[in-house]
Amino acid sequence: MKAKVRILDIETGRFLVFISEEDAKNAKLHPEDLIKVETAKRTIYGDVVISNMVKPGEIGVTKDILRAYSFSDGELVNIVPGGTPESVRYIKKKMNGQKLKKVEIEAIIKDIVDRKLRDVEISSFVTSLEINGLDMDEIAWLTTAMAETGDMLDIDRKPIMDVHSIGGVPGNKTNILVVPIVAAAGLTIPKTSSRAITSAAGTADVVEVLAPVTHSLDEIKRIVEKIGACLVWGGALNLAPADDLTIKAERTLSIDPRGLMLASIMSKKYAMGSQYVLIDIPTGEGVKVEKIEDARSLAKDFIELGKRLGQYVETAITYGGQPIGHTIGPALEAKEALETIITGKGPGSLVEKATGLAGILLEMGGVAPAGMGKKIAREILESGKAYEKLKEIIAEQGGDPNVKPGDIPIGDKTYTFVAQTSGYITRIDNRAITTIARAAGAPEDKGSGVILHVKVGEKVKEGDPLFTIHAESETRLDQAIIQARRMEPIRIEGMVLQRIGNL
Ligand SMILES: O=P(O)(O)OC[C@H]1O[C@H](OP(=O)(O)O)[C@H](O)[C@@H]1O
Ligand SMILES: Nc1ccnc(=O)[nH]1
């Protein structure tokens, strides 16, 4: 059926095609059906929305579609029902616990990228991976399929280093320090990050407080070849484009299936042309990989996957038993990271982890002797060279290189929880802290989150402040307080843990 395109000032994060009731009836199209829109130059798929916002003979396309395909208003197109993609059958194979073939995985990823699979089918695919998993063959096929359906970057500065955390630990602002330290040592490190998946702030969300993170591949190539580094959002690029769509499903479900996580991370590293990759695997109570033996197994899989992709991978299993540093939430974390890189001093967990990871990368890149990397990394941090490099990154990405921690706006609606008893801090519940920070509005409300006034092992007296919730609205603050009261994220215990007698 022929139709004229009408551009709609609507943005939904999905590819929606609006069609009138009359045309829908004639074309036997129903809400949420897949529709194919064909022109001489391109074919796009979208989800049907039936609405008399458009007249018979017209289709309405949203701004999401326009960003990917430059339709012009009034352009004549041909529309046909999109039917059900073959890849839905492959998703059901995985739901049934069967191993997928390479071509079947490639079909699923291509249909995700072509928007032939809708949110419900993508969520089903992600859920099936959470339940039934992937073996190493499937993970490798998934990784290359995700990378090869997008663009690849060729940076003319070798060797190319990279670092990536599997995430899961609140306050993990570490790589905002690692990248400038490594680049200040003269190595090349084009860092891409995702936005929050299970946390209250992904690295891209935090960096965005300091500088734009949405850049084209050409722009990234220019920046990295000029200053040796970047800190950008992977989802803004056409790098492994299926990744951001599956991450959307993961974020909604707050899950990160093991096989998909391996492919999500390594597909982006592969697309960036990274040759030496360090993977941070936080382990401990309340993170994605709670047991050390599972962390070691995941480490081996990252190394094996790297070998299959021609990349040299090392892994660092890091402490994830409580949040990193004292802040959780984009602006609060940006503030803490900036304070630490300016002064060269900061929370032990943040400085130790950042210099430890950076030290490994310096040794991997051949600019530090074995065993000396962490010491050299700390010298780079304390000397101010890391800060100078971060300022270059911020400036090249379009931010204000002279931004100071005090310039960063944080939520002014606050509530502080205090100790109800004296004793020692024996536990800070990672998942509870993340839930509270997200209830307060993070990561979407950049100024929202949590400031921890205590860490595990510290002694407190009754009435001492434990943590402060920041929010940008009273409503969000109230929701966060309710969650905090329900979850009690911080446990205080005396040395007498339990008295047992007269059993
Ligand atoms: O903690 P959650 O949200 O599950 O994982 C997502 C975070 O983990 C990775 O961190 P980095 O970019 O290596 O610093 C991602 O890029 C993202 O920032
Ligand atoms: N699943 C993922 C976890 C962390 N980082 C990513 O890019 N993807």
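Using the three backbone atoms N, Cα and C, a Cβ is placed for every residue, glycine included.
Annotation source TrEMBL lists active site, proton donor at Asp256. In the three-state DSSP scheme, Asp256 (active site, proton donor) falls into the coil class.
The AMP binding site annotation in TrEMBL covers Gly168, Ser194, Arg195, Ala196, Ile197, Thr198, Ser199, Thr203, Ser264, Lys288. Annotation note: Gly168 (AMP binding site) sits in a coil segment as assigned by DSSP.
Sequence annotations record features per position, and here TrEMBL assigns domain 'Pyrimidine nucleoside phosphorylase C-terminal' to 424-491.
The two recorded residues, Ile197 (AMP binding site) and Asp256 (active site, proton donor), show a Cα separation of 8 Å. Distance between Cα atoms for Ser264 (AMP binding site) and Asp256 (active site, proton donor): 10 Å, as a whole number. Of the listed recorded positions, namely Gly168, Arg195, Ser199, Asp256, Ser264, the sparsest CB environment within 10 A is found at Asp256.
Highlighted here are the recorded positions (Arg195, Asp256, Ser264) whose C-beta falls below 6 Å from ligand 2: Asp256, Ser264, in sequence order. Ligand 1 lies under 6 Å from the Cβ of Gly168, out of the binding-site residues Gly168, Arg195, Ser264. Cα spacing between Ser199 (AMP binding site) and Asp256 (active site, proton donor): 11 Å, rounded to the nearest whole number.
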